[in-house]
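**Student:** What follows is a structure written as C-alpha cells; I'll ask about it next.
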C-alpha cells in the first residue's frame, strides 16, 4: 500500500499541495485527474521521489520515500518516464533491459534476459528489439518505455500522462496493457490522466484533485458527476452513460 | 563490439611500436627509456582526457561539450601565470620540474573542485545552468589570466607562454610516475561508475526510477573528471592551441570517434574505446609530427584544425541528441 500522510508542498512560495492524506491499497488502477495546476503531477513526482518531500510522509509498504535506500525503492516502485526525457540513442531491447538495473546493477543474468524477452513480447516489441528509439513511432516508443517499467518487475507502477501525443489506437493499446498488468499480474498502477474518459474506461478508482486538495475519490461511477465537472473542472460538460460507464461529452 | 575494441587495441600497439622504433638515431639504451616515458605520458593523457570527456558528455547529456568548457585549461594557465607573476625569474628553473608538476596538480584539482562546488551552488543543481555558469567563469578566468600576463615582465611572460601549450618533447619519468599514481586510481573509479553512467544517460526521471538518483552519480563523475583533467593538463599542458579556445577539441574528437567506431550506449564499451582512440591519436600524431614532419607543426594545432572541422560537422549534422 502507498500511504500519503499530511503531504504539503510549496514551490517558489506558492502552495501546490495542501495537507494531502491518501491511501492507495495494493492492486488495480488508480487515475489522478484534475485541471491544469491542480497538483497531480507534483503529487506523483513526490511519490516517485523525483522531488524532495518538504512536509508530510509517503510510505510504500514498509519503505519510506526519502529515507529508504534508492535500490530498495526501485525494486518496489517503477516510474515510466516521459518520452521527451529519455535522451540516449538506444535500441529498444537495450532500453527494456535497463529496467532490470535495480536487480542486477548492470550485470544481467539468465533470469534478467528471460524477463526482458517476456516484457518485449508482452508489449509487442520483439520484432523491434534491434531498432533504435528514434527509428520507431511515438506509440511504439511509449510501449518501449512501458515495457522497461514492466521489466523492472515492481509491484507499483507510476505513470505521468502517458497518453500525451498518442493516437487513439496507441492510447487504447497502452491502457489495455496496463489493465492487463493490473488484472493478470496484480500490479498497482497510479496514473495521471488528462482525458477523463480514459480514466473512466480503464481505472478502478479515480482521485480528482483541485487546487492542491483532493476533491473527490472513489469508483468512476460515483466520482464522475456533472457537479464534479462544474466544481473541479469549471466546465458544463454533460455526463452520459454508455454501456453502464460514465462518459464525458466533449 | 569487443572485436572492435580489440582492433583499436591493435591500432594502439601498432602506433606505440611505430613511436618507439621508427627513425631511431642513437643508442637504444638512451632511446627506449626516453621514448618510453613520452609514450607513457601520451597514453596517460589520452586516456585521462578521453574518459573525462565521455563522462562529462553523459553527465551533461550533451555530445558537443567537453570539460574545458568549464574553464579547466584556463585554470592551468592561470596557476602558471600567478606562479611566474609572484616569483618572477626564480620561477624559471621551476617550470616543467616535478615540483611544479605536483604544485600544479594539487592546485588544479583543488581549484577544479572549488569551481565545481561554486558552480553547483550557483547553478542550483541544474546541469544546463551549471554549464552556462561554467562558460562565463571560464571566460572570467581567461580574462584575468590575460590581465596578469600583460603586467609581467616580457622575459617572464615567455616562460608562461612556453608552458601554456601542450608539449610532449620531453617527459620527466618522475612526473609521469606521480601522474600515473593519481590517474590510474581515478580511471579505475571511472570504470566502476560505468553501469551507473549507463543509467544516468537515460535521463533524470528514468535514473531515479531505476534507483540511481542523478545528483550522486553526477557528483562522483564530476570529481573524477576534475582529477583526470588536472593530471592530463599538468602533465602535458592544455591541449588547446592557445589558451583561449572555446572547447577542447581533442576530447571532442576522441568522444565523437568513439561513438562512430563503437556505437554503443554502454560506458563499458565507450570509455575504453575513447581511451584507446585518445592514445592512438596522440601517439600516432606525435610519431608523424616527430618522425615524418620533423616537428614542423605542434600536434595540438593539427588536432585543433581537424577538431574544428569535426565540431562543425557534428553541430550541423547532429540529430536531436
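Even glycines carry a Cβ here, placed using N, Cα and C.
Predicted automatically and left uncurated, TrEMBL annotations should be read as such.
What you see is a predicted model, and the numbers here were worked out from it, not measured in a lab.
What TrEMBL records for this protein is below:
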- B:39-56: transmembrane segment (TRANSMEM)
- B:68-87: transmembrane segment (TRANSMEM)
- B:99-120: transmembrane segment (TRANSMEM)
- B:127-148: transmembrane segment (TRANSMEM)
- B:168-191: transmembrane segment (TRANSMEM)
- B:221-240: transmembrane segment (TRANSMEM)
- B:269-289: transmembrane segment (TRANSMEM)
- B:295-316: transmembrane segment (TRANSMEM)
**Student:** Which one, B:39-56, B:99-120, B:269-289, B:295-316, has the most C-beta pairs under 8 Å toward the transmembrane segment (B:221-240)?
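**Tutor:** Of the candidates B:39-56, B:99-120, B:269-289, B:295-316, B:39-56 scores highest.
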**Student:** Are the transmembrane segment (B:99-120) and the transmembrane segment (B:168-191) close, by which I mean at least 3 Cβ pairs under 8 Å that are 6+ residues apart in sequence?
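**Tutor:** Contact between the transmembrane segment (B:168-191) and the transmembrane segment (B:99-120): present, because at least 3 Cβ pairs are under 8 Å.
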**Student:** Are the transmembrane segment (B:68-87) and the transmembrane segment (B:269-289) near each other by the rule of at least 3 C-beta pairs under 8 angstroms (pairs 6 or more apart)?
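**Tutor:** The answer is no, given that the two segments have fewer than 3 Cβ pairs within the 8 Å cut-off.
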**Student:** In the same chain, who gets a Cβ under 8 Å from the transmembrane segment (B:39-56) while lying at least 6 residues past its ends?
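**Tutor:** Here the qualifying positions are 12, 16, 19-20, 65-67, 168, 171, 176, 179-180, 183, 186-187, 190, 193, 197, 221, 224-225, 228-229, 231-232, 235-236, 239, 248, 250-252, 254-255, 258, 267, 270-271, 274-275, 277-283, 286.
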**Student:** Considering only Cβ pairs under 8 Å, which range in B:127-148, B:168-191, B:295-316 makes the most contacts with the transmembrane segment (B:68-87)?
**Tutor:** B:127-148
**Student:** So if I exclude everything within five residues of the ends of the transmembrane segment (B:127-148), which remaining residues of that chain have a CB under 8 angstroms from its CBs? That is, six or more out.
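**Tutor:** For the transmembrane segment (B:127-148), the far contacts come to 59-62, 65, 68-71, 74-75, 77-78, 81-82, 85, 115, 118-120, 218, 243-244.
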